[in-house]
Amino acid sequence: MNFLEERIVKDGVVKAGNILKVDSFLNHQMDMRLFRQMGEEFKRRFADKPINKILTIEASGIGIACVAAECFDVPVVFAKKSQSVNIDGDVYVSEVESFTHKRVNRVIVSKKFLGPEDHILIIDDFLANGCALQGLISIVDQAGGTVEGIGIAIEKGFQPGGAKIREMGYPLESLAIVESMDDATGTVVFRPQP
Ligand code: 5GP
């Protein structure tokens, strides 16, 4: 098991409805030493890519993306959730269905911060059905930029997002891939990784 898998086994809680709760170290209280390890691992896995910017989504991807950005020495842009119906022409817009909150959020990125010259690493905390990632990919496409890679902390491999994104041809690296989990026993089984 790698460092993140070990931490999930130690402190993660399996909830009903296919939810893995990791709020004691990842998306509420945040363990910065663990984040540093994740950032360095993303840097190692995407070492050959000409990444000049990291893109993530509000809110829980931001912490991991910031630490990763330090490792890559590049800026971070996060897609903002926007309630506004009057979106002006200065932003890229995409609709993202939230897995945990079961509602559709409109997310926006200012055109000032993303363009055709950008080589993007997309970072997020979880990958489930892939809606968040598809929204972010659409924003990079609208900007004419290049998605160089996608880095995820925890992929739930029994949900379809990972397979969909890999089929689309994107280099996707998930630090921990949960193959199955059981809320009755609390067990989590990981997909073996090279
Ligand atoms: P997707 O768009 O891939 O269906 O879901 C990804 C988003 O849903 C992530 O950004 C994350 O915030 C949230 N999410 C999905 N599954 C889980 C889960 O099991 N636990 C937690 N804490 N968040 C999740």
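For all residues, glycine too, the Cβ spot is worked out from N, Cα and C.
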Handout entry: Record-annotated xanthine site (TrEMBL): member among Lys112, Lys156 besides Leu20, Asn27
Key = Lys156
Handout entry: Remaining residues near the recorded 5-phospho-alpha-D-ribose 1-diphosphate site, that is with C-beta within 8 Å of the centroid of the site residues Ala128, Asn129, Gly130, Cys131, Ala132
Key = Glu97, Phe99, Leu127, Leu133, Gln134, Gln159, Gly161
Problem - Residues that sit under 8 angstroms from Lys156 (xanthine binding site) by C-beta distance, when 6+ apart in the chain - result: Asn18, Leu20, Phe126, Leu127, Ala128, Val178, Met181
Problem - Residues within 8 Å of the Leu20, Asn27, Lys156 Cβ centre (excluding the xanthine site residues themselves) - result: Gly12, Ile19, Lys21, Val22, Leu26, Asp125, Phe126, Ala128, Ile154, Val178
Practice task
Work out how many Å separate Asn129 (5-phospho-alpha-D-ribose 1-diphosphate binding site) and Asn27 (xanthine binding site) at their Cα atoms, rounded off.
Solution key: 18
Handout entry: Which listed residue (Leu20, Ala128, Cys131, Ala132) has most other Cβ within 10 Å, given these are binding-site residues
Key = Ala132
